[in-house]
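What TrEMBL records for this protein:
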type	residues	note
DOMAIN	23-371	domain 'Acyltransferase 3'
TRANSMEM	27-50	transmembrane segment
TRANSMEM	70-88	transmembrane segment
TRANSMEM	104-122	transmembrane segment
TRANSMEM	156-176	transmembrane segment
TRANSMEM	196-214	transmembrane segment
TRANSMEM	226-245	transmembrane segment
TRANSMEM	257-274	transmembrane segment
TRANSMEM	286-309	transmembrane segment
TRANSMEM	329-347	transmembrane segment
TRANSMEM	353-375	transmembrane segment
Amino acid sequence: MPKTQRLTPASFSEMTSSRERAHDIDWLRVLAVLLLIPYHSAVIFARPYVSYIKQEPNAAFEAFAYFMNQWHMALLFLLSGVGAWYSLESRVGRQYLAERIKRLVVPLVFGTFAIVPVQVYFQRLYYHEFSGSIVEFYPRIFAGIYPHGNFTWGQLWFLAYLFVFSVLLLPVFLHFKTNRGRMWTSRAAAFCNGRLVFLAPAIPFMLAQALLRAKWPGFQNLYNDWANFAFYMTAFLYGYLLFSVSDFRQVVAKRHAVSLALGIVSMGIILGLRQTGNAPSPGYSASWILFMLLHGFSSWCWLVGLLGLGRKYLNFDTPLIQYASEAVLPFYILHHAAIVAAAFFVLKFEAGVMVEFISINILSFILTICFYEFLIRRLDVFRILFGMRAKRPVVVQNAIS
């Protein structure tokens, strides 16, 4: 009589696809999301950046935030493009869109109405613009668009953009799966294998920065944010291409050291000009255009460098990465609310910049992990609302009697 084996979704995934799984991509995704905590904590002390709670600016944190801005979200979009490739390997277009709705639209809507208001609430409390409980504050979230009002999608703009990119680029991705599309991507990979030609994909990044950034500095409102739209959609497309042809990954592995060196040099020039007050003013002057071209070039170099380092040092599996990979999306959704709540309490003690920064990092990390581990991960209703799969076991028949 055949035996029935009960498998969790995680173990079923391991059984079917672990050989093809690129663990370096999982590690990079987890590390990129973890970096959001020090980034958003640093932004509290960085003058040019929007934050729910602000303190006196600190030059070191401003430089750190500016450095991360050049590649961090682009890396997340690129890694999401890799995820799109994995998804379409086992789905047709309609199934892919349904999966995108579950993974992106559901947590976007839930988070916008249930998580992000917490951030605005603590901001209004901190600046004495409101006094009362979160329950009393909640009806006010519908009173206008942030920052003048209280309604915003906050950090969840990433999910909205990702969904739009997924829809817009689906015909392109499906074309890449055809014989004609595979021929084109193979030729593109061969072309990029030249000594310096691997830098050619930087051109769309450079053009987006040079032509669009002055007019659209970055509001993340989807409809009037064309610099970010072009920049991040390119990164998403590159992520898909990276895995559609194995030769692209070979190019990254071969050229990552040179890319990293170029990224360090170009970023040094950018930060040096900026921190000394010699960076050109936004506009369409020759100096500004050159400055933005350098930004786009540096971003691509950092992406190639980090991908290459990941492939070289992070392509291994552990129980930790399996746990963390599942937690990535809930962690992203929760982390900023935890940071603002932590900052609200920590900054009252006026303990000094470094103590405050470290305390906010530690406290917000603990809050995020606790909410994930003890609430979201264990209850199917929250798993679904945060874009995860339900934890019900899958029943499969074992062929061995």
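Note: Cβ is positioned from N, Cα and C throughout, glycine not excepted.
A quick note: this is a predicted structure, and the numbers were derived from the prediction, not measured.
Under 8 Å from some Cβ of the transmembrane segment (196-214) lie the Cβ atoms of residues 74, 226-227, 230-231, 234-235, 238, 251, 255, 259, 262, 282-284, 288-289, 292-293, 295-297, 299-301, 304, all in the same chain and six or more residues away from its ends. Within its own chain, the transmembrane segment (104-122) has Cβ neighbours under 8 Å at 52-53, 130, 134, 137-138, 141, 146, 150, 152-156, 159-160, 162-163, 166, 329, 333-334, 336-337, 340-341, 343-344, 384-387, counting only residues six or more beyond its boundaries. The highest tally of CB pairs under 8 A with the transmembrane segment (329-347), across 27-50, 70-88, 156-176, 257-274, 286-309, is held by 27-50. Within its own chain, the transmembrane segment (353-375) has Cβ neighbours under 8 Å at 37-38, 41-42, 44-45, 55-56, 58, 61, 327, 330-331, 334-335, 338-339, 341-343, 345-347, 382, counting only residues six or more beyond its boundaries. Below 8 A, the CB atoms of the transmembrane segment (257-274) and the transmembrane segment (286-309) form 3+ pairs separated by six or more positions in the chain. Counting Cβ pairs under 8 Å to the transmembrane segment (286-309), the stretch among 27-50, 70-88, 156-176, 226-245 with the most such contacts is 70-88. Ranked by number of Cβ pairs under 8 Å to the transmembrane segment (226-245), the listed stretches 27-50, 70-88, 156-176 are led by 70-88. Note on the transmembrane segment (27-50): residues 56-58, 61-62, 64-66, 68, 72, 75-76, 79, 147, 155, 306-307, 310, 314-315, 321, 324-325, 328, 331-332, 335-336, 339, 343, 353, 357, 360-361, 364-365, 368 of its chain, located 6 or more positions outside it, place their CB under 8 angstroms from a CB of the stretch. A Cβ distance under 8 Å defines the sequence-distant neighbours of the transmembrane segment (70-88), meaning residues of its chain 6+ beyond its ends; these are 22, 25, 28-29, 32-33, 35, 39, 96, 99-100, 158, 161-162, 165-166, 169, 173-174, 177, 205, 231-233, 235-244, 263, 267, 270, 295, 298-299, 302-303, 306-307. In the predicted model, residues of the domain 'Acyltransferase 3' (23-371) average a pLDDT of 95.
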